[in-house]
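**Student:** Take a look at this one; I'll ask things after.
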Amino acid sequence: MDFQGSVPTYSYDIDYGMSAPCQKINVKQIAAQLLPPLYSLVFIFGFVGNMMVFLILISCKKLKSVTDIYLLNLAISDLLFLLTLPFWAHYAANEWVFGNIMCKVFTGLYHIGYFGGIFFIILLTIDRYLAIVHAVFALKVRTVNFGVITSVVTWAVAVFASLPEIIFTRSQKEGFHYTCSPHFPHTQYHFWKSFQTLKMVILSLILPLLVMVICYSGILHTLFRCRNEKKRHRAVRLIFAIMIVYFLFWTPYNIVLLLTTFQEFFGLNNCSSSNRLDQAMQATETLGMTHCCLNPVIYAFVGEKFRSYLSVFFRKHMVKRFCKRCSIFQQDNPDRASSVYTRSTGEHEVSTGL
């Protein structure tokens, strides 16, 4: 069977969806060799980074602002996404051995975390736009209660967006092994396949990039009125870094997903092209997954105050256990750390929440 953009592995040996059966054994063999170690690396680095953000926000910052709430939910989204990777790694190397219920559970967690991460990146972008461009209005709406309400709504939307994957994905025996993959109704196969692909492209690429372009354009216009050229340049570099990183990590996957779904339209409905697209899907999807490893860096650790919290957390909970008499453990107050940017110009908001 062919790839539907719903699970991050390739479980087939032959594709019967073409005019003649297409051998996919090489694709499966490559996936079995490369995907498990790659998924493992993404899991390790992503889990450590996002767990650090989670622990610092809970134990140190105490969720005092809308930005803190969105950062916490972004970390939770990434953690949900990452927790499924060990199971997909095992699936890529072998077959699905965890049963039908767990197939649906892990598919649901994967996509809820996936869409949740995207939606909270969008919320963080809009939040920064309001804080910098419409500062007076932001003082009224950027409350903790508002952050909680919008987060609950965002999770509901993420669950709703993931429902087709949860409903249609199931585990069943195909040939000599069990798979965990989407199975659309035969009479509506092409509709659901196209719908799923267009949904992924719109929600994971077009929508976030559109929001980033609009919001960051307004932020840049405001920052260019800043008198401190050095601080302004740093903020501008950070903004462009966020957009470029997101574009580079997710655009290849969405392009390959479109080409794979509409192979006949693009004249790629032959066995050779299908195999190459499958291999490209493996590479680009893994590349996109690594973006969740960068989220803690580009959305949290760029802030000087957040790095101060990280330093205090590290000294208090990690190194102190091995060196109780070291003078380095004198308690610092992160709230007294100077920010990179001042609130009067709005650059502080860029450094702590972009």
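Heads up, the Cβ atoms here are built off N, Cα and C, so glycines get one too.
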**Student:** Where Swiss-Prot annotates a disulfide for CYS103, which of CYS22, CYS180 is the other cysteine?
**Tutor:** CYS180
**Student:** Would you say Swiss-Prot puts LYS61 and THR143 in the same topological domain with respect to the membrane?
**Tutor:** yes
**Student:** Which of CYS226, CYS271, CYS292, CYS293 is the other half of the disulfide bond that Swiss-Prot records for CYS22?
**Tutor:** CYS271
**Student:** Can you give me the Cα-Cα distance between CYS103 (disulfide bond) and CYS271 (disulfide bond) in Å, rounded to a whole number?
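**Tutor:** Distance (Cα to Cα, whole Å): 29 Å.
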**Student:** Comparing the disulfide-bonded residues CYS180, CYS271, which residue's C-beta has the most other C-beta atoms within 10 angstroms in this structure?
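**Tutor:** The residue with the most neighbouring Cβ atoms within 10 Å is CYS180.
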**Student:** Report the listed stretch (33-60, 71-91, 105-126, 144-168, 280-303) having the maximum count of Cβ pairs within less than 8 Å of the transmembrane segment (201-220).
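**Tutor:** Going through each listed stretch, the top one turns out to be 105-126.
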**Student:** Please report, as numbers and ranges, the same-chain residues at least 6 past the borders of the transmembrane segment (33-60) whose CB is under 8 Å from any CB of it.
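**Tutor:** Answer is 8-9, 68, 71-72, 74-76, 78-79, 82-83, 85-86, 88-90, 92-93, 282, 286, 289-290, 292-293, 295-297, 300-301, 306, 309-310, 312-313, 334.
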